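Annotation source Swiss-Prot lists [2Fe-2S] cluster binding site at C69, C75, C78, C110. What Swiss-Prot lists as domain '2Fe-2S ferredoxin-type' is 32-126. Residues or ranges marked as domain 'FAD-binding FR-type' in Swiss-Prot (evidence: sequence analysis): 129-269. According to Swiss-Prot, the feature region 'Catalytic' maps to 272-389. Taken from Swiss-Prot, the feature transmembrane segment covers 3-23, and the record attributes it to sequence analysis.
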Amino acid sequence: MDIILGVVMFTLIVLALVLVILFAKSKLVPTGDITISINGDADKSIVTSPGGKLLSALAGAGVFVSSACGGGGSCGQCRVKVKSGGGDILPTELDHITKGEAREGERLACQVAVKTDMDIELPEEIFGVKKWECTVISNDNKATFIKELKLQIPDGESVPFRAGGYIQIEAPAHHVKYADFDVPEEYRGDWDKFNLFRYESIVKEDIIRAYSMANYPEEFGIIMLNVRIATPPPNNPDVAPGQMSSYIWSLKEGDKCTISGPFGEFFAKDTDAEMVFIGGGAGMAPMRSHIFDQLKRLKSKRKMSYWYGARSKREMFYVEDFDGLAAENDNFVWHCALSDPLPEDNWDGYTGFIHNVLYENYLRDHDAPEDCEYYMCGPPMMNAAVIGMLKNLGVEDENILLDDFGG
């Protein structure tokens, strides 16, 4: 009898605990549909299930907020204003949002949990963002570690972007072997030297990254990107290679690729001020877009120059394009500086780092460098060096425009 009584008591205790858990769940875990009101416009409101993050809920309803890191909380781009229902701001958001901005409701959509009805504000241009499945036209090396990915937009479609804008590219889970990359013989020296073909990239979930466009708006029907492969650094070869760059480098003619956009804020100012463009590495992309747009579409007569830094002649690309623009436009000149020219380059042009070359050969003797507008995109060290040099010349922040996606 004691055994039976013990079993009964144990069963009753378990049932009681289950009831407590179910009751707590009903109070703590949201059920039913969640309504997200957007910009006070009933037509823009979306209804979704609770759980997940605001960024995903918006994307599921066809509202694509920029997120270069794919929702990891590291890029700080997916900023929205949450007027109610977002809960407390998280420590991960405070790396990108000031306390003052937080008081105004600024949040990162990728960090906001969807638990209850919400009221948010989004920029109106977000509603012009679309998604396309594109076809790879070509994916060719332009330098040792840079490919030009050219995508065909579906027939009848267009991407209404501005020069300096960017798109987001999606990659499914994948397993990429560097040994399968198509790298022309002229670029294989460093690949063999650093044994780069041994690497593989294994990604077990969908990812999203942002890339600036190299084409300009009147190159219709295509999207063109300059993508630098993110290989592990030589001093830490066991680090995993870049996920998205590895995927992009694996793409072949005819492959399908999903993009969304357009996004952007790295746009040219509508003034008559002199424009100075500074680029390096894959930072070529928005520079090409801007310069082509100014000279070919806008027929701009603004004085402009382009200063590009590369290691050697092998790393220079679009040379004929810029030579042609310089020949056709008296208001445009361009210069390339090589930091490590090879003997076979027979280089008689500028040498050294591009910020020093720009200063020594142009800005040092410029009548008013502080009055120019500076547009730059390149590796972080280049960007920092250029900004430091410009600050020393008295250039205000408003005249220094930086695209962080290049390089």
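Each residue, glycine too, has its Cβ placed from N, Cα and C.
Shown here: features listed in Swiss-Prot, placed on the structure.
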residue	record	DSSP (3 states)
C69	[2Fe-2S] cluster binding site	coil
C75	[2Fe-2S] cluster binding site	coil
C110	[2Fe-2S] cluster binding site	coil
Other than C69, C75, C78, C110, the chain contributes near [2Fe-2S] cluster (Cβ within 8 Å of their centroid) the residues L55, S66, S67, A68, G70, G71, G72, G73, S74, G76, Q77, L108, A109
Residues in the region 'Catalytic' (272-389) per DSSP class, helix first, strand next, coil last, are 57 helix, 27 strand, 34 coil
Taking all protein chains shown into account, the Cβ-based neighbour count within 10 Å for C110 ([2Fe-2S] cluster binding site) is 24
For the binding-site residues listed (C69, C75, C78), most other Cβ atoms within 10 Å of the Cβ sits at C78
